[in-house]
Amino acid sequence: MVASTSKPTEEQISSEKMSTDSRNAKSDFRTKLKSSVYRRKCLKTLWLGFSFCALGFSVSQRGPAFLDIQIITQTDVESASFFFTAASVGYLIGSLTAGVVYDKLDKSMLLIMSLLGLSFTTIALPWCSPYALMIAIHFICSLFGGSVDTVGNAELVRIWGKEGEMAMQFLHFTFAFGGVISPLITMPFLTEEDSQSIETNASISTTSNGTSNSTGPALPLTTKVHYAFLISGSLMFLACVPLIVQWFTDSLRREKTK
């Protein structure tokens, strides 16, 4: 009597196929890593991810620090809301400008200069106590941020082309990760003052000649939020270092091949 053999089910076939594909993918990745060009692509993607983590950190920091920015500039919520407007306009203009000049300038250097600009303006932001200057620094800071965003995404597409799906996911994961940890790191440096108290203390009355005077008690004159912005700016500066090193090594390699 011949023993009957059961046929493999569709689930078993699918599972075996997925396992085989996974092994092939790992083997293919190891083979690609032997190529110096592929390794440079992976390194560049890693440094871009570091840059986007710093960018996400910077973008998410201004919301939690809003009340401290009010303290620095001695403004109420209505007046301070223009800081976000200036930042949004700056980000838009920075993105558009970077898109226009991307093909006309050294791409890596454009990203490095944008990151350096974002780093220095982020550190300077909490020291700009005049109202107009605070609006200007929000605009300039976001101008560089929009440039980093645009150039980083464009660089990833240029490096990987149609193979960049996973790399793009990684890039935006790092941006989100920076945005998540930013409030947690910023929180210890925030002034412990509720929003109602700050808004009441910063109430503004307009006199007959058009000037504004504070009518409530003085807001706290000190805040430690500049330490949080120093951390953010330093993180962006650190993100520049590997990009600068890779830019120099790539330049030397091109010189040798001439």
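Yeah, the Cβs are placed from backbone N, Cα and C, and that goes for glycine too.
Listed in TrEMBL for this protein:
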type: COMPBIAS; residues: 1-17; note: compositional bias 'Polar residues'
type: REGION; residues: 1-23; note: region 'Disordered'
type: TRANSMEM; residues: 42-60; note: transmembrane segment
type: TRANSMEM; residues: 80-102; note: transmembrane segment
type: TRANSMEM; residues: 109-125; note: transmembrane segment
type: TRANSMEM; residues: 131-149; note: transmembrane segment
type: TRANSMEM; residues: 170-190; note: transmembrane segment
type: TRANSMEM; residues: 227-248; note: transmembrane segment
Check: So which of 42-60, 80-102, 131-149, 227-248 is most in touch with the transmembrane segment (170-190), counting Cβ pairs under 8 Å?
Finding: 42-60
Check: Taking a Cβ cut-off under 8 Å, which residues six or more beyond the ends of the transmembrane segment (227-248) line up next to it in the same chain?
Finding: 40, 43-44, 46-47, 50-51, 53-55, 57-58, 61, 65, 108-109, 111-112, 115-116, 118-120, 122-123, 125-126, 182, 185-186, 189-190
Next item on the list: Considering only the recorded stretches 80-102, 109-125, 131-149, state which has the highest number of Cβ pairs under 8 Å to the transmembrane segment (42-60).
Entry: 131-149
Check: What else in the chain is close to the transmembrane segment (131-149), if you only count residues 6 or more beyond its ends and a Cβ gap under 8 Å?
Finding: 51-52, 55, 58-59, 62, 69, 72-73, 75, 79, 82-84, 86-98, 110-111, 114-115, 117-118, 121-122, 124-125
Checklist line | Long-range environment of the transmembrane segment (80-102) - Cβ separation under 8 angstroms, sequence gap at least 6 | finding: 62, 66, 69-70, 73, 110, 114, 134-136, 138-147, 149-151, 154
